[in-house]
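Copied over from TrEMBL:
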TRANSMEM  53-74  transmembrane segment
DOMAIN    112-201  domain 'PPIase FKBP-type'
DOMAIN    201-236  domain 'EF-hand'
DOMAIN    245-278  domain 'EF-hand'
Amino acid sequence: MYTTFTLKITVKQRLWRCVAEILKPGSQNTGVNIQGDVPAAKKKRRKTSLSRVATTTHSFMMWTLVSCILYVFALSKLDLWAVLATADELLKEVKTEVVSKPEQCTQKSKKGDLINAHYDGYLLDGSQFYCSRTDKAGHPQWFVLGVGQVIKGLDIGMMDMCAGEKRKITVPSDLAFGKNGKGPVPPNATVVFEVEVLSVSRGPRSMEAFTLIDLDQDRSLTKAEVKEYLKLEYEKGGKPRDDPFYEKIIADIFRKSDRDRDGLISSKEYNIYEHDEL
């Protein structure tokens, strides 16, 4: 990353290199030798010629020096734009701060994983605009990570999280609610989320899981197939759940993925979801 100090050094180095080219041995050579036994008339003509050459050389050096200064000035402006562009990119980054993390982490979240989490949303002035613990029934939220079910900034900021981990995630407006805002969130607002992940499991929308879920290999997923897959995953992780738990997840999955409402998730619907094209 550029700093003001390195920018100044870079400009100075370029200027000195340019001047060094002017002062390089031979750069001021006029090409005229006035030594030797030369008649007075020829000496006079040669001195006049030498004077003209010296004047021309001086003008050339001055013009070269001016060109160097203009060249370095232009490059310094380009460097400044690079600094500004870098600063602008930094403003668009998602910033994460780990608040707490369990000592043991058997599985970190990745794209396509099914996440169960609580999260609270705040504006930079500290005012709260969302709280999953008080919204509706106060249940933690279920969503598949990295496929657009939550804002882009959360998809980015919640990668590589463990069950039981808490993070503070600062999201710029471009990766949150944008220039239009949403509800209590004003346009172009940077937002801050306090997130607590309760569970991480392989999601039924991860591409490598499709053939495992599709037991009859008919390139479509039924609710029974998805439920069987989820049960196996939770049992494998040592956290078996009751039927209402699975039914809630399945209802959410089909509500968001079964776009033609035929009770199945077709391979086309599945692929659209996986590739973030919703």
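Yeah, the Cβs are placed from backbone N, Cα and C, and that goes for glycine too.
Secondary structure of the domain 'EF-hand' (201-236) per DSSP, as helix, strand and coil residue counts: 21 helix, 3 strand, 12 coil. Summed and averaged per residue, pLDDT over the domain 'EF-hand' (201-236) gives 81.
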